[in-house]
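K.L.:
In case it's useful when we look at the structure, here is the feature table from Swiss-Prot:
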BINDING   22, 56, 57, 58, 79, 80, 81, 112  5-amino-6-(D-ribitylamino)uracil binding site
BINDING   84, 85, 126  (2S)-2-hydroxy-3-oxobutyl phosphate binding site
ACT_SITE  87  active site, proton donor
């Protein structure tokens, strides 16, 4: 029996990070968590590109272009927070579907690190307080998946 798993060492990996500027007070913390994780796992700073987009809805479109670059993985970071209108439901669903579709179509790890929360407080908790930092977790998944793709 063979077992395949990705190692958590980022040495030599090239990572693209797409970050939504909307709700930047949250996404800035997600980005900081992702960068910290990548650095601690030996991804060289020169092998990390950060791409800012206006909002979460634009992430899949830019990810679709970025997968054709030499990245081993792409991390998508954003924060969609529920408001008083159904806008949240449309944006959250389309961003999730879009990011998944890009990864499947490109056969490359495209990691979903977009918060979809009911409140600002929940977003803050997931950006580095009570519930950890989902940017860090997305970066760790990117490292693991990039290494796994080299084996499978």
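Using N, Cα and C of the backbone, Cβ positions are placed for all residues, glycine too.
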K.L.:
Measuring Cα to Cα, how far is residue 80 (5-amino-6-(D-ribitylamino)uracil binding site) from the residue listed as 'active site, proton donor' in Å?
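P.N.:
One finds 10 Å between the Cα atoms of these residues.
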K.L.:
Counting only residues 6+ apart in the same chain, whose Cβ is under 8 Å from the Cβ of residue 58 (5-amino-6-(D-ribitylamino)uracil binding site)?
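P.N.:
Spatial neighbours, sequence-distant, of residue 58 (5-amino-6-(D-ribitylamino)uracil binding site): 20.
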K.L.:
Counting distance between Cα atoms, which of the recorded positions 84, 85, 87, 126 is nearest residue 112 (5-amino-6-(D-ribitylamino)uracil binding site)?
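P.N.:
So, spelling it out, the nearest of the recorded positions is 126.
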K.L.:
Give me the CA-CA distance between residue 79 (5-amino-6-(D-ribitylamino)uracil binding site) and residue 87 (active site, proton donor), in Å, as a whole number.
P.N.:
13
K.L.:
Looking only at 22, 56, 57, 58, 79, 80, 81, 112, the residues listed as binding 5-amino-6-(D-ribitylamino)uracil, what is the longest Cα to Cα distance in Å?
P.N.:
16
K.L.:
Between residue 56 (5-amino-6-(D-ribitylamino)uracil binding site) and residue 84 ((2S)-2-hydroxy-3-oxobutyl phosphate binding site), how many Å separate their Cα atoms?
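P.N.:
Just about 18 Å between their Cα atoms.
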K.L.:
Tell me the Cβ neighbour count for residue 126 ((2S)-2-hydroxy-3-oxobutyl phosphate binding site), meaning other Cβ atoms within 10 Å of its Cβ, over all protein chains shown.
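P.N.:
So the Cβ neighbour count for residue 126 ((2S)-2-hydroxy-3-oxobutyl phosphate binding site) comes to 23.
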K.L.:
How many neighbouring Cβ atoms, not counting its own, are there within 10 Å of the Cβ of residue 81 (5-amino-6-(D-ribitylamino)uracil binding site)?
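P.N.:
Neighbour count, Cβ to Cβ under the 10 Å cut-off: 19.
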K.L.:
So, in DSSP terms, is residue 81 (5-amino-6-(D-ribitylamino)uracil binding site) helix, strand, or coil?
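P.N.:
For residue 81 (5-amino-6-(D-ribitylamino)uracil binding site) - judged by DSSP and reduced to three states - the answer is strand.
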K.L.:
Distance check, please: Cα of residue 84 ((2S)-2-hydroxy-3-oxobutyl phosphate binding site) against Cα of residue 22 (5-amino-6-(D-ribitylamino)uracil binding site), rounded to an integer number of angstrom.
P.N.:
17
K.L.:
Cα-Cα, whole number of Å: residue 81 (5-amino-6-(D-ribitylamino)uracil binding site) versus residue 126 ((2S)-2-hydroxy-3-oxobutyl phosphate binding site)?
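P.N.:
Taking the Cα atoms only, residue 81 (5-amino-6-(D-ribitylamino)uracil binding site) lies 12 Å from residue 126 ((2S)-2-hydroxy-3-oxobutyl phosphate binding site).
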K.L.:
Looking only at C-alpha atoms, tell me how far residue 85 ((2S)-2-hydroxy-3-oxobutyl phosphate binding site) is from residue 57 (5-amino-6-(D-ribitylamino)uracil binding site), rounded to the nearest Å.
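P.N.:
Taking the Cα atoms only, residue 85 ((2S)-2-hydroxy-3-oxobutyl phosphate binding site) lies 16 Å from residue 57 (5-amino-6-(D-ribitylamino)uracil binding site).
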K.L.:
With Cβ-Cβ distance below 8 Å and at least 6 positions apart along the chain, what are the contacts of residue 57 (5-amino-6-(D-ribitylamino)uracil binding site)? List them in sequence order.
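P.N.:
Sequence-distant Cβ neighbours: 91, 94, 95.
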K.L.:
Rounded to the nearest Å, what's the C-alpha distance separating residue 126 ((2S)-2-hydroxy-3-oxobutyl phosphate binding site) and residue 22 (5-amino-6-(D-ribitylamino)uracil binding site)? Just drop the number here, would you?
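P.N.:
That separation, Cα to Cα, works out to 16 Å.
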